[in-house]
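Pulled from TrEMBL:
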- 16-210: domain 'Poly(A) polymerase nucleotidyltransferase' (DOMAIN)
- 215-359: domain 'Poly(A) polymerase central' (DOMAIN)
- 363-421: domain 'Poly(A) polymerase RNA-binding' (DOMAIN)
- 490-599: region 'Disordered' (REGION)
- 524-537: compositional bias 'Polar residues' (COMPBIAS)
- 540-554: compositional bias 'Basic and acidic residues' (COMPBIAS)
- 579-595: compositional bias 'Low complexity' (COMPBIAS)
- 647-666: region 'Disordered' (REGION)
Amino acid sequence: MSSNGSINSATAPRLGLSDPIFTGGPTQFDVIKTRELEKFLADASLYESQEEAIRREEVLGRLDQIVKTWVKNITRAKGFNEQLVQEANAKIFTFGSYRLGVHGPGADIDTLCVGPRHANRDEDFFGELYRMLADMTEIEELRPVPDAHVPVLNFKFSGVSIDLLYANVALWTVPEDLDISQDSVLQNVDEQTVRSLNGCRVTDQILRLVPNIQNFRTALRCMRLWAKRRGVYSNVTGFLGGINWALLVARICQLYPNALPNVLVSRFFRVYNLWRWPNPVMLCPIQEGSLGLPVWDPRRNFRDKQHLMPIITPAYPCMNSSYNVSTSTLRVMMEEFRRGNEICEALETNNAGWMTLFEPFPFFEAYKNYLQIDIAAENDDDLRKWKGWIESRLRQLTLKIERDTKSTLQCHPRPGEFSEKSRPLHYYYFMGLRRKEGTNAQEGEQFDIRLTVEEFKHSVCMYHSWCHGMRIHVCHVRRKNIPDFVFPGGIRPPPATKPAGEMLSVAKTKGGSGKKRKQDEVASGTNSKEIASSGTDSGLHAEKNAKERFDADMKGISNDARFPDNTSCYGPEGEESVRFSPPVVPSGSPTGSPEPGKENIVRENAHEPFVGHGSPLKELDEFDNDLGMTSQVPGFIGTMKVGPTAKQEVAAEGKGASSSSKWLQNGSLDELEPIELTGLVSNVASTSASVAPRKPSIRLNFTSLPKATGSSA
């Protein structure tokens, strides 16, 4: 776990699109802080034992022998001569966290099987190889996913979780020394093979483009742990996944090639707190290639122009690895970058410890209102399939809400699911809801997302593998009514004494929000009292000059773009009165009372148009549910309520979708320097229908601050 060693900046080639910001070596203070960080990571059990490492290597060796036997069997079965049978070969490659060297205990291994052209994916990989694995006693939980964007076999091999992809290259024989980093391996292959190869090619390229692999690994371990604890590690829900964090950390390593992990972590937050999205993060220039494969290019591709947080893969074909990021999730991550930067500034003066940086995000204290998504199925296999499908679609609910509210209502999806012992075959997901900061409310204004939710439910119920018993239920729940099983040990913590999300034991950023941040500096000295040493002054001066040169080189490009605003996420919530209308259930209705604190969002008519809302919001309050009738609808729990029809006038927008931001007008794909945020992102355009839809069944009601009564959750 040692992080000693640095490159010689005078002889090492430049890595990345620009010169480093600072090339100075580490100070004694950096060495001390890095040791503290490494000890913290070790105490957090981020490193696997030697025994587990050996078992993983044995499993990979055994798997490699299995695929070699498999390819010989299918070569013989297809009638090839014996010489070709003996020469037939397949090879196992690794990628992801295992290949990067940042995996932890119990982590799965991302693997790729490369086979010859005559070993196809459908019949041979998902057919013969699947049957071979199914007959082995060491293999458990074998699950093929042939219809995925990247087809995969999931299984456990002697207790080690394996995700196995397949790529059949245009070769009759796969050599043992095959170099899949060469672009020629992509010739005459299908799209699934290109995507399958991309994981290995990107991972290997990252390791080639960082100046110090050991420092990169330690910093990446740190950032992965931080992202998981702060609830922003999940590509599927709209945050960032493992490859995204690896690319971001690698770019910081390029900008600070001689820095130790403690400085890399600190500069990570400083740079990305000031980064002007949607300017892309790139480790190297985008190569067009000679094979005609599409690459990320917002000048030519409209969909690429809509990406909010582009993080570009360094291997051909270069793609945006973070296309799932939405306006809401970008807001959450930018606020987390701000918080991390404040803590790291305090760390540099010994006014905070590493534990402060890694404090778990208090998700169920951060908002007053939440959406709760409950799913269920009739058996374990159906629930596993249904769960995977729902998780892949939850991001769409965030996007639909943003679309229908012009990004005024912001969602914070919590990665991961909850379960309750008393209700087997059920899973629960939660989203925090809040009004976008800076918008004004109008007295008595109501906000309605019921049709949006119904559209989402209709879309997920179109699942091609849907089975009887697969159910989904969405409801609104206030903070005080969050179920106890989501808290550790099932015990609800006492109410917070400060507004949720407010920084605790963190020094305020110097200069305040919106002021010019001080230039990068490297703290030196053996303790907090000796930071301002003579060596530090010279180091600060050198780094400042390098940063100024870097800013000057990129200034011309930065003036041509507009960027999303870095809004605050966890500021004090406005005190507002709550208007809540309980549901009206007609006499004789078979429908029972809803759970306390919840109101059902039910399926009415999935083909009704959704309603676009352009009114500003002030604060999420209770959903109004003024149902006047009930109806039997196949849903999550027994009978569901359906509201009556009512007249509504909906203003049609008529202008269609617009770009989420104004892209580089000069057509440049150059990376921009991390400077202060100065622009605002355009609202995500919504579409609406000029029709009178049926009256939705849940409303959000907002009141203005002057009318506030001080009620709170």
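Using N, Cα and C of the backbone, Cβ positions are placed for all residues, glycine too.
TrEMBL: automatically predicted annotations, no manual curation.
Mean predicted confidence for the domain 'Poly(A) polymerase central' (215-359): the pLDDT average there is 95. Per-class residue totals from DSSP over the domain 'Poly(A) polymerase RNA-binding' (363-421), listed helix then strand then coil: 28 helix, 16 strand, 15 coil.
Per DSSP, the secondary structure of the domain 'Poly(A) polymerase central' (215-359) breaks down as 72 helix, 6 strand, 67 coil.
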